[in-house]
Amino acid sequence: MTAINRILIVDDEDNVRRMLSTAFALQGFETHCANNGRTALHLFADIHPDVVLMDIRMPEMDGIKALKEMRSHETRTPVILMTAYAEVETAVEALRCGAFDYVIKPFDLDELNLIVQRALQLQSMKKEIRHLHQALSTSWQWGHILTNSPAMMDICKDTAKIALSQASVLISGESGTGKELIARAIHYNSRRAKGPFIKVNCAALPESLLESELFGHEKGAFTGAQTLRQGLFERANEGTLLLDEIGEMPLVLQAKLLRILQEREFERIGGHQTIKVDIRIIAATNRDLQAMVKEGTFREDLFYRLNVIHLILPPLRDRREDISLLANHFLQKFSSENQRDIIDIDPMAMSLLTAWSWPGNIRELSNVIERAVVMNSGPIIFSEDLPPQIRQPVCNAGEVKTAPVGERNLKEEIKRVEKRIIMEVLEQQEGNRTRTALMLGISRRALMYKLQEYGIDPADV
């Protein structure tokens, strides 16, 4: 059901109030009226209108004073002022005090309606943006970072403190370990959360384009610069700029970046005007910047400016306790996105996932699960749904056999080991199916499916 917009009409002339109230009521508005500024303030506090239409010249309290009083308590509701005096000074003062717009009497009702509709549309957009910011802030809370790893839990605790500061941050780690995720979490938990978060990959652009992308350029600064263009430093003002793959930034641009970190100012390419910015810089790299400093390929002074706080993210192979957690998260995500009813990953498949070294880290795990979801036709992901390099036959718990075998023998070997693992865990848990499913990292429903497939009776274990 569409919400009814509430309008507050304030005018000391009875005929104007009646005319406007009738006109907006016919358009579906809930109308409220006041004949002076003081009464309007009481109604404003009581009914919380979506828009206010108010005359400027009124006894007791004029529209400008009433507007100032409204703005001292609440700044979001659009206020449109009406005046019979076509005075530029009055209009300027009204806008300076926070009016959305003003109209001059006598006015055309259609024109006034357009102004009111524009005010409501803008208000709706602002409300949606606030909700999006709130949703982003909620989705990037520390509790939403999936981990059972003590090392990652410590990083999350440290990062929560870092977010409250204004210090530059350097995030190191292999590709796919979640450097951008941590950078976003810092931003959305900081005082800059309502500002922009912008990412640029320093390795993705050649030097000339990267400079233009970062610093912007004036019209005519170089061939093809037909218009003025703001750079990312300018667009990230009051927000956060993530410089990904900072180790790939050319030395000449490193010097310009150092100035921004020190002075918070720069000039566009081809420009002479110094532009001040208020931004937080987060740099990310999968390279050893200290080694690059020794080699002379990275500026030492820039390294120390960026390295105020250094976070080192562990690779996925060093946080194996997170693999099943992340795999199940990606399973739910991609099943929903692809409208598939895939409910679980079977124990043998999960064992293979846990044993794999994951050179591509979390990004590789995400891709593997997405592929399995897309290609699978049943309710459970099995070992044969995994890529060949992962689904190698298991000799015993934790060991992967590397000798090549035929596809037929591979499936038989996987099923044999899977059955043995289920029986061993069932025996350890004294036939308790709920605890067995928990230990195997699968749902009770998936365990029942496997018990039936292999003809295992928990009472016989």
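Glycine too: its Cβ is placed from the backbone N, Cα and C atoms.
Annotated domain 'Response regulatory' per Swiss-Prot: 6-120, in sequence order, evidence recorded as sequence analysis.
The feature 4-aspartylphosphate is assigned by Swiss-Prot to ASP55. ASP55 (4-aspartylphosphate): 24 other CB atoms within 10 A of its CB, across all protein chains. Under the three-state DSSP scheme, ASP55 (4-aspartylphosphate) falls in the strand class.
In the shown protein chains, 9 other C-beta atoms lie within 10 A of the C-beta of HIS73 (phosphohistidine). Reduced to three states, the DSSP call for HIS73 (phosphohistidine) is helix. Sequence annotations record features per position, and here Swiss-Prot assigns phosphohistidine to HIS73.
Swiss-Prot lists 145-374 with the feature domain 'Sigma-54 factor interaction'. Across the domain 'Sigma-54 factor interaction' (145-374), the model assigns an average pLDDT of 92.
Among the features that Swiss-Prot reports, ATP binding site is placed at 173-180, 236-245. LEU243 (ATP binding site) falls within a strand segment according to DSSP.
Among the features that Swiss-Prot reports, DNA-binding region is placed at 433-452.
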Which listed residue (ASN237, THR240) has most other Cβ within 10 Å, given these are binding-site residues: THR240
The domain 'Response regulatory' (6-120), counted residue by residue under DSSP: helix, strand, coil: 56 helix, 24 strand, 35 coil
Neighbour tally for GLY176 (ATP binding site), based on other Cβ positions within 10 Å of its Cβ: 20
